[in-house]
Amino acid sequence: MGNVSSAVKHCLSYETFLRDYPWLPRLLWEEKCSELPKLPVYVKIVEVGPRDGLQNEKEIVPTEVKIQLIDLLSQTGLPVIEATSFVSSKWVAQMADHTAVLKGIKRSPDVRYPVLTPNIQGFQAAVAAGANEVAVFGSASETFSRKNINCSIEESLQRFEQVVSAAKQEGIPVRGYVSCALGCPYEGQVKPSQVTKVAKRLFELGCYEVSLGDTIGVGTAGSMAEMLSDVLTEVPAGALAVHCHDTYGQALPNILIALQMGVSVVDASVAGLGGCPFAKGASGNVSTEDLLYMLHGLGIETGVDLLKVMEAGDFICKALNRKTNSKVSQATRNN
């Protein structure tokens, strides 16, 4: 995992240990070699609000609002902002303005702006619009795959192979997603081995990073650990990310488990925007604000300014005429 920070180190005085970690047994402090699971020094946050966060909105969000949101997020220190999706407007009408959005944003040289491209037609349209990074979206659930992208898992992987091959010729990096990694709205529980199978294929195809998504937010720390343990037998931690929805309020615990297991890339959405148009009942992604609060509280570097992210969250919530889903923003604004 490279350089790491530790939640508890044996060099702490017992008084400090007792003050900061009163729930831990004295034995842990006494055993010099003992320490809690290690955490990354730095976590890369992939902001998915402009795409995954807005795609489920019932009312069409004006193009200029989407552009302004991305421009605000570009000033926060976020290294990656997923801008839009080059899917058919028949499937996701909210993303029909993808070309205008991608051409309208003020790109920062320090930020990458990937776009979702489900097939070769979407990839070609994205490149024509100026995309310099793309993402493909697969599923660990056969039923979800057919309902979401209208094909089987195997057929989707064949489509992605075309995209990755074309991207290599253009020198464009490709990120992969595996949805339903911890549960499916149609099939229920998903076997970890099935997640591993799809993640491995995406990695072998050439995806530099594979994001494992708890699409409907049913995962627990236990199921996250079980799933990751299996995936890590085939895909290195350095090539993995986690993407957690907060339907049951378990997103942050699940992310913490992933960090302890070596993952250092986390997807999040400003103001906790999101859901899934093909997964009824799924709530938004973990909010970027809440994730930052947890990471900074653990002493983990992100390079992201929490206050500026909150300002971007205020903007989009006002534009959508709704309250933020971020607990941090709620608490701060109420004080």
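Just so you know, the numbers here start at 1 and follow the chain as drawn.
The backbone N, Cα and C atoms fix where each Cβ goes, glycine too.
These figures come from a predicted structure and were not determined experimentally.
In the record from Swiss-Prot, residues D52, H243, H245 bind divalent metal cation; the candidate from N254, N285 listed for the same site is N285. Counting other Cβ atoms within 10 Å of each Cβ, the recorded positions R51, K58, H243, H245 show the lowest value at K58.
A straight line from the CA of R51 (substrate binding site) to the CA of N285 (divalent metal cation binding site) spans 11 Å. Of all the binding-site residues listed here (D52, N285), it is D52 whose C-beta has the fewest other C-beta atoms within 10 angstroms.
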